[in-house]
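Trainee: After the structure tokens below, expect a handful of questions from me.
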Amino acid sequence: MREMHYTGMQLGVIGALFLSVASSVSIVICNKALMSNLGFPFATTLTSWHLTVTFCTLHAAQKLNFFETKSVDMKTVMLFGILNGVSIGLLNLSLGFNSVGFYQMTKLAIIPFTVLLETLFLKKQFSQNIKFSLFLLLIGVGIASITDLQLNLLGTVLSALAIITTCVGQILTNTIQKKLNVSSTQLLYQSAPFQAAILFVSGPIVDQCLTKQNVFAFKYSTIVLVFIVLSCLIAVSVNFSTFLVIGKTSPVTYQVLGHLKTCLVLGFGYTLLHDPFTSRNIVGILVAIFGMGLYSYFCTQENKKKQSIDLSVSQIKDKEAALLLGGKNMGSQDKESQQDNKKLNRDPIV
């Protein structure tokens with residue numbers, strides 16, 4: 001039974017990872033066409049629409065009894081939603097006020113900072129093998145994606161804030177689901193309105209600051225509206241799979257998956273959109289994929305080891321319980337025999 005449960009969990013994790021990769025790559029390609037080819041540059045406002053559609057979809061699913069809501073402390077959910085909304089805005093601002101290379105460095109820094117926070121505050125242990133595989137992954141993604149590094153004070157501050165809020169938000173996503181025993185769907189359903197609200201208010205301001213254009217003054221053609229609707233529909237799957245992956249695995253694994261998406265997007269960009277591609281990109285992607293492979297292998301081995309240890313502990317406990325119960329039965333039998341002997345001693349001999 002335990003092996004079947006473990007196999008079911010593995011299939012669930014694989015399904016969540018596949019959904020996350022497929023939906024994320026799809027939305028990147030869709031948004032790239034929307035922003036680069038159709039001239040719609042309002043990324044933060046678009047994200048607020050994504051979250052609004054996600055909430056509406058989940059609300060409809062809840063009304064149709066696809067899942068049950070679970071009451072969670074409103075203050076916790078509100079702060080969690082606002083934090084995630086702020087992190088999205090800060091990441092977009094970081095991209096706007098930094099070079100692309102420095103922005104990629106910001107995204108790479110999320111993994112080691114997450115490892116640091118989980119080690120310090122959650123007392124989580126990362127083996128040397130896991131650290132080495134993550135190091136290879138970061139080196140590979142850095143080679144493949146970082147082109148230039150231009151520093152400025154405002155951009156550096158925004159990047160630092162983006163790293164902190166993103167790491168804390170993803171750690172909380174995992175922690176809240178496990179400690180409060182809520183599913184990824186339940187947490188996303190309750191937090192999405194707050195994320196959408198903070199971005200709905202700040203999005204136009206952030207986009208105005210970055211693009212010098214007003215989202216409300218933009219001329220929306222039919223093709224632009226079609227791509228916006230398509231982007232919002234794909235975003236439902238992206239948001240759902242994000243919470244699902246973090247809940248089933250860990251924030252670090254989700255970030256590793258994010259860099260796999262980066263490599264896939266670079267590959268799709270070259271093959272489908274004919275983006276410029278060099279031998280450096282190829283080497284970087286190969287190193288990154290090797291690092292991801294090692295990370296997956298080491299995680300699998302450590303999970304199997306943990307499962308075997310847990311199984312051994314449970315078997316020992318079962319044996320101890322059986323011995324304890326056996327001892328109690330023997331004790332009761334001894335008492336019964338002693339009582340029978342006393343009765344025999346009291347009865348007269350005929």
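Using the three backbone atoms N, Cα and C, a Cβ is placed for every residue, glycine included.
Got these off TrEMBL a minute ago, pasting:
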{"type": "COMPBIAS", "residues": "333-350", "note": "compositional bias 'Basic and acidic residues'"}
{"type": "DOMAIN", "residues": "23-296", "note": "domain 'Sugar phosphate transporter'"}
{"type": "REGION", "residues": "326-350", "note": "region 'Disordered'"}
{"type": "TRANSMEM", "residues": "40-61", "note": "transmembrane segment"}
{"type": "TRANSMEM", "residues": "77-95", "note": "transmembrane segment"}
{"type": "TRANSMEM", "residues": "101-122", "note": "transmembrane segment"}
{"type": "TRANSMEM", "residues": "129-147", "note": "transmembrane segment"}
{"type": "TRANSMEM", "residues": "153-175", "note": "transmembrane segment"}
{"type": "TRANSMEM", "residues": "218-240", "note": "transmembrane segment"}
{"type": "TRANSMEM", "residues": "279-298", "note": "transmembrane segment"}
Trainee: Could you tell me whether the transmembrane segment (40-61) and the transmembrane segment (218-240) have 3+ CB pairs under 8 A, leaving out pairs under 6 positions apart?
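Mentor: They do touch: at least three Cβ pairs between the two stretches lie under 8 Å.
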Trainee: Taking the transmembrane segment (77-95) as reference, which of 40-61, 101-122, 129-147 has the most Cβ pairs under 8 angstroms?
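Mentor: Looking at each of 40-61, 101-122, 129-147 in turn, the most contacts to the transmembrane segment (77-95) are made by 40-61.
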Trainee: Within the same chain, where does the transmembrane segment (40-61) have neighbours whose Cβ lies under 8 angstroms from its own Cβ atoms, ignoring anything closer than 6 residues to its ends? I mean 6 or more beyond.
Mentor: 31, 34, 67, 85, 88-89, 92, 185, 188-189, 192-193, 195-196, 199-200, 202-204, 206-207, 210-211, 213, 215, 218, 224, 227-228, 231-233, 235-236, 238-240
Trainee: Where else in the chain does the transmembrane segment (279-298) make close Cβ contacts, counting only residues six or more beyond its ends and a cut-off under 8 Å?
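Mentor: Long-range Cβ neighbours of the transmembrane segment (279-298): 127, 129-130, 132-145, 256, 259-260, 263, 266-267, 270.
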Trainee: If I take every residue in the domain 'Sugar phosphate transporter' (23-296) and average their pLDDT values, what number comes out?
Mentor: 86
Trainee: Cβ under 8 Å to the transmembrane segment (101-122), counting only same-chain residues 6 or more beyond its ends: which ones?
Mentor: 91, 94-95, 131, 134, 137-138, 141-142, 145-151, 155, 159, 162-164, 166-168, 170-171, 175, 250-252, 255-256, 258-259, 262
